[in-house]
Amino acid sequence: MGFADLLNDVGGFGRFQWIHVTLLSIPGLLMASQNLLNNFTAGMPGHHCSIPNRTSIASSQNISQSEVDDRELLRAFIPMDASGTKLSKCTRYVDAQWHLLESNVSVIGHQANFSEPETEICLDGWTYDKTEFLSTVVSEWDLVCTLRPMKQMSQTIYMGGVLAGAIIFGGLSDRFGRKALLIWSYFQLATLGTCTAFSPSFMTYCIFRFMTGMAVSGVILNTVSLKVEWIPTKSRTLVGTLSSFFFTFGQMVLAGIAHSLRDWRKLQVAVCAPFFLFFLYSWWYSESARWLVLNRRSDEALKHIHHVARINHKPEMVEKITLELPLCLFLSTKPSSDPIDLSPYRFSTSFAYYGLAMDLQKFGVNIYLIQIIFGLVDFPAKLVALGSLTFLGRRITQGTCLLMSALMIFANIFVPTDMQSIRTTLACLGKAFTSASFTCIYLFTGELYPTVIRQTGMGFTSTMARVGSMAAPAVLILEEMLPALPSMIYGGAAVVAGIIAFFLPETLNIPLPDTIEDVEEKWANKKLDAEKQAKKEAVALREMKKGAVEGDGEITGLNAL
């Protein structure tokens, strides 16, 4: 008897599982806000060099506001950029160029100088357009021009925190339990995330974001394990996919909150403070009974199993399931070999996903609208993934999603930049396939690792995923060298991982392994079955050849007669 059979005896996917999965999934509404928050808190508003007293200077030239509006007046102070259509963001004229204003403006005593005017950097800072954002960390600490890479660095630092959290919380969860680490992660995220809003400097902001990222890893890893370890085998695909819709819907929630606030400090509080509520109700969660038994705490596991049986209206099972029964369900063995390596797939999926999702302003569409569109495309993508995961299995779904996302990324390279609608459509399709890949890989990872090292293994692969998400914004800097280079790198990584994914073992409708020996025995049996099948085919082939030879002999004899 296995734990999957025990879950079926205490109600299968019953009332307890519905409540348990729902409460674990609700924080997912704001997990998208954490990972994609940089799009809004570090949004790049329109900007140009500040020109002190430009109205007074214009008045000294007998130019009034009634004759020319403020934007036209800027042409006398700010040169055009390389495209010739927009004002430069990083330079200004040393001397005002009044001749660049419209011809109907009267300028007294001015001799037009048509030689190349001298320019300088923005010595008096920048003026920011507040149409799209009222305040961001970019406008707060002037992360523009030479400091522009600091914007991408802030996201890389955050993802570095997520990476560190995957390493630290993954191992700690296998040692101290899923519930304890999840409760702590909620508290850390709520406290440090809220404190981020009060950062007095960019360095302090980055430190808080790093530590918040650590907590995000703790929440994600322990949420996945607590879900899969209490869900019956047949329900894992459906529940895993449907619960991922909370993250999808959360992307649209983020767009709505960001649009209504438009101030990075208020937005930071809005998406982090609710985790105090999640911290309070998380004490209700039941610790994984699988983990408790494997850590020789069977009496506690029995209490949780009885608790589940009562909530699922199976009181008769409370008397039937004794302390001796759970003990015989597991082998109390510890890891004796390395975990299955899923790192290439986690790296490539995160690399491609954040490469598309972390630079929304490049699409030339309202950033709040594109965030909603990016969220909406996930719904049909994940429904298709649900069907594929149910009928075709994990590895086919994973490989196909990665290859299709690569195809969309590569296709966008050949679309001219002025065909913005087509580029946005292809980007949305690419993002949809990477989202479907994320849904698959989280489910796949939880099913491949045995219970004794599930968190350690997931932490390891999550580490590689965070390396990918850290590299994604850094790769965007290469766009200045060659515009197509980031897309080539994102797509190439997805192709390699997509091909290799087809060689992963299939886990569709297979019970969760609890020990390393379970994993080794499972794949050893499959290898043995394959060898037996090969031997049967070899014997059948020999029989066919023997029959063919005997048949030839009979034909030869008949011909002789």
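Glycine is no exception: its Cβ is also placed from the backbone N, Cα and C atoms.
Here TrEMBL flags 90-509 as domain 'Major facilitator superfamily (MFS) profile'.
As annotated by TrEMBL, transmembrane segment applies to 156-173 (among others).
Non-local neighbours of the transmembrane segment (179-199) in the same chain are 27, 34, 165, 169, 172-173, 205, 208-209, 211-212, 214-219, 222-223, 226, 264-266, 268-269, 271-276, 278-279, 282-283, 285-288; each lies 6+ residues outside the stretch with a CB under 8 Å from one of its CB atoms. The transmembrane segment annotation in TrEMBL covers 179-199 (among others).
Taken from TrEMBL, the feature transmembrane segment covers 206-226 (among others).
Look at TrEMBL and you will find 238-257 (among others) tagged as transmembrane segment. Long-range neighbours of the transmembrane segment (238-257) within the same chain, counting only residues 6 or more positions beyond its ends whose Cβ lies under 8 Å from a Cβ of the stretch, are 13, 17, 21, 24-26, 28-33, 36-37, 40, 227-228, 231, 267, 270-271, 368-369, 371-372, 374-376, 378-379, 382, 385-386, 389-390, 435, 438-439, 442-443, 446.
Per TrEMBL, the feature transmembrane segment maps to 269-286 (among others). Long-range neighbours of the transmembrane segment (269-286) within the same chain, counting only residues 6 or more positions beyond its ends whose Cβ lies under 8 Å from a Cβ of the stretch, are 16, 20, 23-24, 26-27, 30, 33-34, 37, 179, 182-183, 186-187, 189-190, 193-194, 196-197, 212, 226, 230, 254, 257, 261, 304, 307-308.
Residues annotated as transmembrane segment in TrEMBL: 363-384 (among others).
The transmembrane segment feature in TrEMBL is assigned to 396-415 (among others).
Residues or ranges marked as transmembrane segment by TrEMBL: 421-445 (among others).
According to TrEMBL, the feature transmembrane segment maps to 484-504 (among others).
Residues of the same chain lying 6 or more positions beyond the ends of the transmembrane segment (363-384) and with a Cβ under 8 Å from any Cβ of it are 32, 36, 39-40, 43, 132, 241, 244-245, 248-252, 254-255, 258-259, 357, 420, 423-424, 427-429, 431-433, 435-436, 439.
Only sequence-distant pairs (6 or more apart) were considered; of these, fewer than three Cβ pairs between the transmembrane segment (206-226) and the transmembrane segment (396-415) are under 8 A, so the stretches are not in contact. Per-residue confidence over the domain 'Major facilitator superfamily (MFS) profile' (90-509) averages 80 (mean pLDDT, predicted model).
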